[in-house]
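S.K.: I have a structure I would like to understand better, so I am pasting it below and will then ask my questions one at a time.
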Amino acid sequence: MAFKTLDDLSVAGKTVLVRGDLNVPVQDGRVSDTTRLDRLAPTLKELAGKGAKVVVLSHFGRPKGGPDAKNSLRQVVPALEAALGLPVAFAEDCVGESARAAIAAIEPGQVVLLENTRFHAGEEKNDPELARQMAALGDIYVNDAFSAAHRAHASTEGIAHLLPSAAGRLMQAELEALGKALARPERPVMAVVGGAKISTKLDLLLNMVTKVDMLVLGGGMANTFLFAQGRPVGKSLAEKDMADQARAIMEKAAASGCEILLPQDGAMAKEFKAGAPHRVVPVEQIADDEMMLDVGPATVEFVGLKLQGAKTVVWNGPMGAFEIRPFDSGTNAVAGLVAALTGDGRVLSVAGGGDTVAALEQAGVAGRFSYVSTAGGAFLEWLEGKELPGVKALGA
């Protein structure tokens, strides 16, 4: 879809409202992971550099529709200043007199952060009056929070209809990367989908089999597909009540010309813990008292051969219990293969989802993928083929 970017805006002397995602982890009053701030910084610095008054809006945590110190964005100010290399003023509210006064007090080229949008119950209800009050604070609206774009809230959707609107640099990068990966991909496309349950990724799987040429399944959800094929799964995590849905996905894949790749071998252990004694055997040889905690080397080799023919890879979810060693080796190995092919310019690789980012960072390859999305829910809904309200509202 067509959308405006910062290139289409004239911002000098204007007040620009930027919806960012500053919902970052805080421990002992300090931001423990600044990734989202670092990714938002280029948009804020560009606007400030062009002489705009930059006004940042964001949610933080899950307050109950009223102010509370634990969920105040004030604690994010030092980390945001460090990410920007600029001082950041703070307003005690995101609408009303305190917000107006804080914006009036800054000069063009300066930045002010407004208090948590979710301190107003109307934010999550997409209350038109709250959106109107926010819009009254500025001249232009820029959405740079793809990670919140799946929510139709006052600061992500409502406000975009009330002001000239554009995508920030992070939103632009996300939309362009995702467009290349699924909307207009170079084929063949391989999707790697892992994680514990198919029940949480049913819509995603049903959509993906119609869009991709190969679907690699890993993690606990692969066991559900193996079970649906009548193969033994021991005491592995498997949603046996989802066998019919798994068969329906396989039938839809066959009708769509999508090849499903399931584990051929695995690391079988009797208990779920780091360093648990295990053996690597073909999936058919799992014992009744064993669980498959990772894919084995034969599976990695098989996926690697298939990867040689791919031009685009979309990754969501680990291949095994990556959080406990040595059951991260399957995820690490496949991720390493994708990273190497990306580095050689042979594939475009896009990954996203919370566990996925953590797994790729643990494997040391996150920086070697073409694009790693910081969006969790929004990335998943996009993979499900759903329209994202925050993106749709930017439509040019």
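Backbone N, Cα and C atoms are what each Cβ position is placed from, and that goes for glycine too.
What you see is a predicted model, and the numbers here were worked out from it, not measured in a lab.
In case it helps, Swiss-Prot gives these features for our protein:
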type	residues	note
BINDING	Asp21, Leu22, Asn23, Arg36, His59, Phe60, Gly61, Arg62, Arg118, Arg151	substrate binding site
BINDING	Lys201, Glu323, Gly353, Gly354, Asp355, Thr356	ATP binding site
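A description of the local structural setting of each listed feature is requested, covering burial, neighbours and distances.
M.R.: Classification of Gly61 (substrate binding site) by DSSP places it in coil, neither helical nor stranded.
In the three-state DSSP assignment, the secondary structure recorded for Lys201 (ATP binding site) is coil. Taking the Cβ of Lys201 (ATP binding site) as reference, residues of its chain lying under 8 Å away and at least six apart in sequence are, in sequence order, Val193, Gly195, Met221, Asn316, Gly317, Leu380.
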S.K.: Which one of the binding-site residues (Asp21, Glu323, Asp355) has its C-beta surrounded by the most other C-beta atoms within 10 angstroms?
M.R.: Asp21
S.K.: With Thr356 (ATP binding site) as the reference Cα, tell me which of the binding-site residues Asp21, His59, Arg118 is the closest one.
M.R.: Asp21
S.K.: Consider the binding-site residues Glu323, Gly353, Asp355 and say which one has the Cα lying nearest the Cα of Asp21 (substrate binding site).
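M.R.: Its closest listed neighbour, by Cα, is Gly353.
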S.K.: Could you measure the widest C-alpha to C-alpha distance across Asp21, Leu22, Asn23, Arg36, His59, Phe60, Gly61, Arg62, Arg118, Arg151, the residues recorded as binding substrate, and give it to a whole number of angstrom?
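M.R.: For the residues that bind substrate, the greatest Cα distance is 18 Å.
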